[in-house]
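Worksheet for the structure shown next.
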Amino acid sequence: GEGACCNNCDFICGRAGFSRCRCLDLVTKCHPSCSNCEMTETPYWPCRYQCLDMDPDDCATP
C-alpha cells in the first residue's frame with residue numbers, strides 16, 4: 001500500500017490470473033493505509049497484528 005513498507009511478502013494468484021501480494025510482517029500497529037488489520041495468535045507482548053490487504057503492487061518495490 002501507499003507508504004507502507006513490508007519486509008516479508010507472499011504472492012497470491014488472484015482469480016483473474018494476475019499476481020497480488022500480502023504482507024506477512026507481524027507488527028505492533030498496522031499502517032494507517034491498511035484497511036484489513038487482524039490481531040494474530042502469538043505469544044508476544046504487545047499483541048502483533050498483520051495487514052491482510054491484498055496489494056496488486058510488486059512486493060519487491062518498497
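Note that the numbers count up from 1, one per residue, in the order the chain is shown.
Note that Cβ sites are derived from N, Cα and C of the backbone, with glycine treated the same way.
Values in this document were obtained by computation on a predicted structure and should not be read as measured data.
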Cysteine from C5, C6, C37, C47 that Swiss-Prot links to C23 by a disulfide bond:
C6
List the residues of the same chain that sit at least 6 positions away from C37 (disulfide bond) in sequence and have their Cβ under 8 Å from its Cβ, in sequence order, or write 'none'.
C30, Y49, Q50, C51, L52
Please report the number of other Cβ atoms within 10 Å of the Cβ of C23 (disulfide bond).
24
